[in-house]
Amino acid sequence: MDSASVPHRIPPEMPQYGEENHIFELMQNMLEQLLIHQPEDPIPFMIQHLHKDNDNVPRIVILGPPASGKTTIAMWLCKHLNSSLLTLENLVLNEFSLTATKAKRLYLQRKTIPSALLVQLIQERLAEEDCVKRGWILDGIPETREQALRIQTLGITPRHVIVLSAPDTVLIERNLGKRIDPQTGEIYHTTFDWPPESEIQNRLMVPEDISELETAQKLLEYHRNIVRVIPSYPKILKVISADQPCVDVFYQALTYVQSNHRTNAPFTPRVLLLGPVGSGKSLQAALLAQKYRLVNVCCGQLLKEAMADRTTFGELIQPFFEKEMAVLDSLLMKVLSQRLDQQDCIQKGWVLHGVPRDLDQAHLLNSLGYNPNRVFFLNVPFDSIMERLTLRRIDPVTGERYHLMYKPPPTMEILARLLQNPKDAEEQVKLKMDLSYRNSADLEQLYGSAITVNGDQDPYTVFEYIESGIINPLPKKIP
């Protein structure tokens, strides 16, 4: 870049490359690791960190009172995410660790081990290859604020913390029916989760310390400690109610651990709204443009502007409009390229609607480098679309727009003179809907990370869903 040439304009490909390859997050993670470990020679340390390629592996802590189901949820998450499960019991059973041997003796005597020894065990275990490569889930650790602070001091930072919660009366009752499979460690319940196989039923054992009094004492100790542990994990902690079916708890936990936290990475929204005619794309685009100062790029409007301005492309487009034919994709993309290449689109971002209508247009859009970083499908039932569009009317005298159901004219005189736009005729709408439905499956497959929104609700509710999808990072895809 020539220092004498001002102002500098950064090519749009540069921030797009950084965003697609998560360059900012990569640099942020390396800086965090440098500050935590403070190596004497940073360069080899950073190279080693890059070789590990484990910035996005699961690092999860699951906490909760006795009988909340945290071990079950942790085991299910481990199977789904292919991560390593760390519990107090399996940490002390590590046969290849002298620290674990010492901790095991203390654990057999007292059923607890000192915090310093526990944290040392965790540190040793997390350094092993399976935890480094595949990530880890801590079940029920840390139990106290002292343990939480010791873990943080060593630079062990979870990405997600889940706290299960349920009324004490429910937990006490649930704990009485708890049973354990001694071979697999799986936890069952006499009422809620009884195994169908008679072989497993016969070998189930009643765990120790599950009486009502003992459970109440454990709950009292848990409540005393958890209020001091929670402040150690601001912004990464989610409380989930355990007073619901275990499968529901699991899916809420899985959804949370697959989410990404917001970062300070530069982000220029490039939003694509897809959906059938009448799904509300234009309204949502206008709301986004108004609130976030995005450039509202409507494909149909661009074509009309090109004709009105009598540009070269406008003259080529005009015959298609006169004959009511679809504009050639090549012409369409040239008009669109001119608009998206302007500085306001590059600097502020854009919200595009009206294109692509099919897979060919989508591939053309991508080949030109206009890759959206947020794609939304607005789903609206066929009957709702017909109701929205076929009942629209316009007053030829005042130009006022009406809807026979949602915004009827105030007088019979006005009603009598209302006209319907030919494009809102039932047959025309059905043709457009049929075309949209035929192409939607291909577009959904192409835009795999797209977010589907129910468009058949209040427009501002729809806007809130779209807004949330733009502001928050996209969830991780677990293979």
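Glycine is treated like the rest: Cβ placed from N, Cα and C.
Sequence annotations record features per position, and here Swiss-Prot assigns ATP 1 binding site to Ala67, Ser68, Gly69, Lys70, Thr71, Thr72 based on similarity to another entry. Annotation comment: Swiss-Prot describes Gly140, Ile141, Pro142, Glu143, Gln147, Arg203 as AMP 1 binding site. Taken from Swiss-Prot, the feature ATP 2 binding site applies to Gly278, Ser279, Gly280, Lys281, Ser282, Leu283, Arg392, supported by similarity to another entry. Residues annotated as AMP 2 binding site in Swiss-Prot: Met325, Ala326, Val327, Gly354, Val355, Pro356, Arg357, Gln361. The feature region 'Adenylate kinase 1' is assigned by Swiss-Prot to 58-258, with similarity to another entry given as support. Per Swiss-Prot, the feature region 'NMP 1' maps to 87-113. Annotation comment: Swiss-Prot describes 177-206 as region 'LID 1', evidence class similarity to another entry. Per Swiss-Prot, the feature region 'Adenylate kinase 2' maps to 269-471; the stated evidence is similarity to another entry. Here Swiss-Prot flags 298-327 as region 'NMP 2'. Annotation source Swiss-Prot lists region 'LID 2' at 391-424.
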Review point. So what pLDDT does the region 'Adenylate kinase 2' (269-471) average out to?
Key: 90
Check your understanding: Which residues, given as numbers and ranges, are at least 6 beyond the ends of the region 'NMP 1' (87-113) yet have a Cβ under 8 Å from it?
Key -> 71, 74, 120-122, 124-125, 139-141
Study note, to complete from the structure: Sequence-distant contacts of the region 'LID 1' (177-206), meaning Cβ under 8 Å and at least 6 residues beyond its ends, amount to 67, 69, 71-72, 75, 246
Exercise for review: Given the binding-site residues Ser279, Ser282, Leu283, state which is nearest to Val327 (AMP 2 binding site) when distance is taken between Cα atoms.
Suggested key: Ser282
Point to revise | Proximal residue to Gly280 (ATP 2 binding site) among binding-site residues Ile141, Ala326, Val355 (C-alpha distance) | key: Val355
Check your understanding: Nearest to Met325 (AMP 2 binding site) in three-dimensional space, by Cα, is which of the binding-site residues Lys70, Glu143, Arg392?
Key -> Arg392
Review point. Taking the center of the Cβ atoms of Gly278, Ser279, Gly280, Lys281, Ser282, Leu283, Arg392 at the recorded ATP 2 site, which other residues in this chain have a Cβ no more than 8 Å from that point?
Key: Gly275, Val277, Gln284, Arg388
Exercise for review: Would you give the longest CA-CA distance, in whole angstrom, between residues of Gly140, Ile141, Pro142, Glu143, Gln147, Arg203, the set recorded as binding AMP 1?
Suggested key: 35
Study note, to complete from the structure: Under 8 Å Cβ-Cβ from the region 'NMP 2' (298-327), and at least six residues away from its ends along the same chain, one finds 282, 285, 334-336, 338-339, 352-355
Point to revise | Span of the ATP 2 site, taken as the largest CA to CA distance across Gly278, Ser279, Gly280, Lys281, Ser282, Leu283, Arg392 (Å, rounded to a whole number) | key: 17
Revision key, fill the gap. Its Cβ having more other Cβ atoms within 10 Å than any other among the binding-site residues Ile141, Ala326, the winner is Ile141
Point to revise | Residues flanking the ATP 1 site, with Cβ no more than 8 Å from the Cβ centroid of Ala67, Ser68, Gly69, Lys70, Thr71, Thr72 and excluding those residues themselves | key: Gly64, Pro66, Ile73, Leu164, Ile187, Ala242
